[in-house]
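Here's what Swiss-Prot has on this protein:
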- 1-36: topological domain 'Extracellular' (TOPO_DOM)
- 62-73: topological domain 'Cytoplasmic' (TOPO_DOM)
- 97-110: topological domain 'Extracellular' (TOPO_DOM)
- Cys110-Cys187: disulfide bond (DISULFID)
- 134-152: topological domain 'Cytoplasmic' (TOPO_DOM)
- 174-202: topological domain 'Extracellular' (TOPO_DOM)
- 225-252: topological domain 'Cytoplasmic' (TOPO_DOM)
- 275-286: topological domain 'Extracellular' (TOPO_DOM)
- Lys296: N6-(retinylidene)lysine (MOD_RES)
- 309-354: topological domain 'Cytoplasmic' (TOPO_DOM)
- Cys322: S-palmitoyl cysteine (LIPID)
- Cys323: S-palmitoyl cysteine (LIPID)
Amino acid sequence: MNGTEGENFYVPMSNKTGVVRNPFEYPQYYLADHWMFAVLAAYMFFLIITGFPVNFLTLFVTIQNKKLRQPLNYILLNLAVANLFMVFGGFTTTLITSMNGYFVFGSTGCNLEGFFATLGGEISLWSLVVLAIERYVVVCKPMSNFRFGSQHAIAGVSLTWVMAMACAAPPLVGWSRYIPEGLQCSCGIDYYTPKPEINNVSFVIYMFVVHFSIPLTIIFFCYGRLVCTVKAAAAQQQESETTQRAEREVTRMVVIMVIGFLICWLPYASVALYIFNNQGSEFGPVFMTIPSFFAKSSALYNPLIYILMNKQFRNCMITTLCCGKNPFEEEESTSASASKTEASSVSSSQVSPA
């Protein structure tokens, strides 16, 4: 084996030289230069000072504006809550460990950090699945006269938490485990060892199938059908001007949604799958560190994509930040009517399928 396995860790370096140390007790500067740990700490600090305000503002603005308390926005708020879980439960911990060069909070802290990071990421992922299904049902109309109400939104939010817990909780109770990964400053699922006594292989397979492949398939299917439906409606010149605008807006949103998801999670999932399929092979600590830390940026991407691109949310945010006045209101007044019609077309199922 080209790594060193301990009771609750796996360091991707052979201990033939005798330099490998427990990542819960000793700095890991033998894995990489000091400046790399400093870069990780700076990156986590950036995610905290940007991710927290944007996600907190999403919650605050929704509470302040009654018109935003719509069923669909329950899911968007769930995304913000999930991202805050990642910020407080994962990012702050990783910032401190990166500054110290090792996981100073011990095995228990590793379990908590891994749990909250996984929970937040999975809530975000399944929230996107619920959004995709809602968009598909409302716009493509596979069921006639369906209206997405509060009960559907609450059920969707509940589903995200159930599925997230089904992924994040098992390693805490003996099915797989959380261990430090990469430069040993953040924790994740053990992809590195078979560990038969905790049935690690079966859990990793379960996680990749149920909590990655299936959600990704659903998202691609729903948004693929949505784009086709909007294009067909536009081609038939149904409500031509607003539908054409809706087509452009929805297409742009879908492209950014898919790209954002893939940019955040596909590199991490691909590297994790490679490591899992090649356990014991030689790879450096940076090999997993970069995609692992890059996946954490989803806490910043999500609100920018799903909240800030929503005109109603954006206007309410500007009004809140500017103490009740929107300085851009006059500039947008000429398109306000069209925007409302567009929102109705896309969000209230007025865009008819072919």
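Quick reminder: no glycine exception, Cβ is built from N, Cα and C everywhere.
When the topological domain 'Extracellular' (1-36) is classified with DSSP, helix, strand and coil residues number 6 helix, 4 strand, 26 coil. Closest by Cα distance to Lys296 (N6-(retinylidene)lysine), from the recorded positions Cys187, Cys322, Cys323, is Cys187.
Cα-Cα distance from Cys322 (S-palmitoyl cysteine) to Cys187 (disulfide bond): 40 Å (rounded to the nearest whole number).
Classification of Cys187 (disulfide bond) by DSSP places it within a strand. Each of the disulfide-bonded residues Cys110, Cys187 was scored by the number of other CB atoms within 10 Å of its CB, and the largest score is that of Cys187.
Cys322 (S-palmitoyl cysteine): 12 other CB atoms within 10 A of its CB, across all protein chains. Residues 8, 23-29, 34, 37-38, 40-41, 44, 178-180, 183-187 of the same chain lie 6 or more positions beyond the ends of the topological domain 'Extracellular' (97-110) yet place their CB under 8 Å from a CB of it. For the pair Cys323 (S-palmitoyl cysteine) and Cys110 (disulfide bond), the Cα-Cα distance reads 42 Å. DSSP gives Cys110 (disulfide bond) a helix state.
Counting same-chain residues at least six beyond the ends of the topological domain 'Extracellular' (275-286), those with a Cβ under 8 angstroms from any Cβ of the stretch are 1-3, 11-13, 28, 31-32, 36, 182-184, 191-194, 204.
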